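A.B. asks: Pulled these from Swiss-Prot:
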- 1-37: topological domain 'Cytoplasmic' (TOPO_DOM)
- 38-55: transmembrane segment (TRANSMEM)
- 56-516: topological domain 'Extracellular' (TOPO_DOM)
- Asn286: N-linked glycosylation site (CARBOHYD)
Amino acid sequence: MTCPDKLGQLINWFVCSLCAPRVCKLWSSRRPRTRRNLLLGTACAIYLGFLVSQVGKGSFQHGQATNRGPPNNQDIFKVPFPEIPLDGTLAPPESQGNGSTLQPNVVYITLRSKRSKPANIRGTVKPKRRKKYAVASVAPDQEVLVRPSLIQPEVARAADAEVPGYVQGYLTKVGERPWRMLHGPRVRGSNLQQPRAPESNIRIYSESAPSWLSKEDIRRMRLLADGEVASILPTIFEGGTRLLMLEGSTSGSVPGCGPSPCGLLKQPLDMSEVFAFHLDRILGLNRTLPSVSRKLEFIQDGRPRPIILWDSSLVPSSNVSHSSVKITWGTYQQLLKQKCWLNGRVPRPEWGCTEVHHHEWSKMALFDFLLQIYNRLDTNCCGFRPRKEDACVQNGLRPNCEDQSSVTLAHIIQRKNDPRHLVFINNKGFFDRSEDNLNFKLLEGIREFPESAVSVLKSQHLRQKLLQSLFLDQVYWESQGGRQGIEKLIDVIERRARILITYINAHGARVLPMNE
């Protein structure tokens, strides 16, 4: 025991021996309680101050001992400490019993009110390691496994076609993309790191696309909206139409105009073709080619234009009417009466039937009436009052309505491998035509209508489906003024749908399933 410790014990013993009899005397005397309590409080305060001074002296000695000790001594944390006395000293149990002196590894522990350093000082917390995607170089004939997120956008777009369950883009993910093999002379990790692929103009925020759009439709829409333009090809069409060759083709999945797929770029006034494509899919007709709206950098005006997928499987048309089947209005009315190829019946030669199935004319008439497309069945504009800007007026065809039976139909197109069904092209519609000027000549001779389309028109879900479908095409949605502008177009279609239902009921036309 050191000298300061002995001195502290002597002082404690002396104070207790002097104060004890005086405290008893004060307690038993007849002094006022207020004065007695004051004396007791003063004595306790003096003794408490003495104890605090002793503890402070011990803390000072502990600080000096810590500074003199070795900093890297790790054995001090292995000594068990059963209790901490108030006088600041600490000794192992065996040294307290036999009175032996402390060993040099004495530890002093004091309570501090505030930490001078943070709990986790620098160097004690293991930092998080960032992921590194470096890929080692390989030999020319070797292969490297690369995660899909590290593949360059050009390589990823080309490889996506090999995965049938995946829809390319950020917004829809039908299935998990597997690992793929990359072939090449050298594959370096720095070249594979891409921060983020560009966002697609076809936006799908739900888990899947609308049910009326197939996976192939979505794939082709993304190709038209996001595919790089490789070159511009000459076309036989008039009106400033251009044929664009697109990159990112997939072998066998998209009909192309050669080794790469192509898109037919039209004028801004033909934007209604995008609306026509979505309406065709919602009605269950599936006769139009995929169409999207797009802005191109090489066009200076910056206005969005419709781009329609070019299908090389269509029967070429070199005549003036741009049709694979040359047919007049009079012949068309005779075909409607003969009901060619209905119920698998082979027509007789004297009927003059074409290879087109009878139900195809009903689908075309319904579709053209809703959009008021006159350039197929009424090229001379004989069923309504045309305007000066209409093609029939500009071409001087309006006076030819006296002999309508000889008027040739236009844009009647088939596929080479499927001549029974029609393909609707040049679907420029008109939304500004008033209800008292609708072209009912388009419905002349039609006695049956497709059940799938009529059921959608009668339901209350046509507006909801059109909004949901047109929202996918971001460029078209914004070009029409957002939802407010799209709602106005849908209002026109809904009014025409009610008029068509009234026409069907008034003329006793039948509604039949046409899913042959």
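Every residue, even glycine, has its Cβ placed from backbone N, Cα and C.
Context for these features, please: burial, neighbours, distances.
C.D. replies: If you take every residue in the topological domain 'Cytoplasmic' (1-37) and average the pLDDT, you get 62.
With a cut-off of 8 Å between CB atoms and residues at least 6 apart in sequence, the same chain places Asp280 near Asn286 (N-linked glycosylation site), listed in sequence order.
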A.B. asks: Should Asn286 (N-linked glycosylation site) be counted as helix, strand, or coil on the basis of DSSP?
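C.D. replies: DSSP assigns Asn286 (N-linked glycosylation site) to coil.
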